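**Student:** Sharing a structure here in structure tokens format.
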Amino acid sequence: MSAAQVQGANATMPQEISTRYATLTVLLIFITSLAAMFVVYQTFPEVTEDEKKHIKVPWNIEDAKNLGIVLSRYKLDHYYHVMSGVFLTYIFLQSFAIPGSLFLSILSGYLFPFYVALILVCTCSMLGATLCFLLSQLLGRRLVIKYFPEKASKWSVQVDKHKNNLFNYMVFLRVTPILPNWFINLAAPVLGVPLVPFALGTFIGVAPPSFFAIQGGQTLHTMTVQNGAFNLNSFMWLAVFAVVSIIPIFLKNKV
């Protein structure tokens, strides 16, 4: 083996080791979080066999409705236990880009007063998205730089050009359904988006869609798949919020 080959091997070895370490770290965090969720499930107040089958992450309106009925029965005597269960489950789904948080937003509107539910959902969205951001930064960004260094460099340049408007862009992306939230959480650190505008933009940006989801959740017992939390009126309002969020960018460019 030539000296150049040895030098190249030594240069790539730390990167391979660090990538392997990052993968194991993310896997360990996931297993630990899964164990924590199991503990939350096991410590829930004793329920009947019929109710137990509904204690699961809601994947559709019917799941959310059945879970809401069960939790509402225990909310009076175990209010903070129920709230902490929703809180931790929401963060778990967001942290690992698992779908289902929308139905937890609707469920929150059914279980809690409107403004309590809104603060709860916005806080959970910000914390969960931030954890997902950090996990993606730990592993995803490393993989992209390793296998697609040229694209990573180009993305960083583009992000740097718009660094003064990243908060507004993040709010816009959260308000509009252009990209799913899980994709934004995973892609932001890969593109080089700083954590602060990402987290603040998430907290503000998820408020409008959460507003309508929680509002719909207050009538969860009559909600069906055809009659969901979002309708034409809510989408029109979301479009208005989206336009408002990017107006400062155009004003800055004009000035």
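Note that the numbers count up from 1, one per residue, in the order the chain is shown.
Including glycine, each Cβ sits where the backbone N, Cα and C put it.
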**Student:** Write down the single range among 143-166, 191-214 that appears in TrEMBL as transmembrane segment.
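**Tutor:** Going through 143-166, 191-214 one by one, TrEMBL gives transmembrane segment for 191-214.
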**Student:** Taking pairs 6 or more apart in sequence, does the count of Cβ pairs under 8 Å between the transmembrane segment (21-41) and the transmembrane segment (114-139) hit 3 or more?
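**Tutor:** Touching, yes - the transmembrane segment (21-41) and the transmembrane segment (114-139) meet the threshold of 3 or more Cβ pairs under 8 Å.
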**Student:** Summarise the domain 'VTT' (98-217) by DSSP state, stating how many residues are helix, strand and coil.
**Tutor:** 104 helix, 0 strand, 16 coil
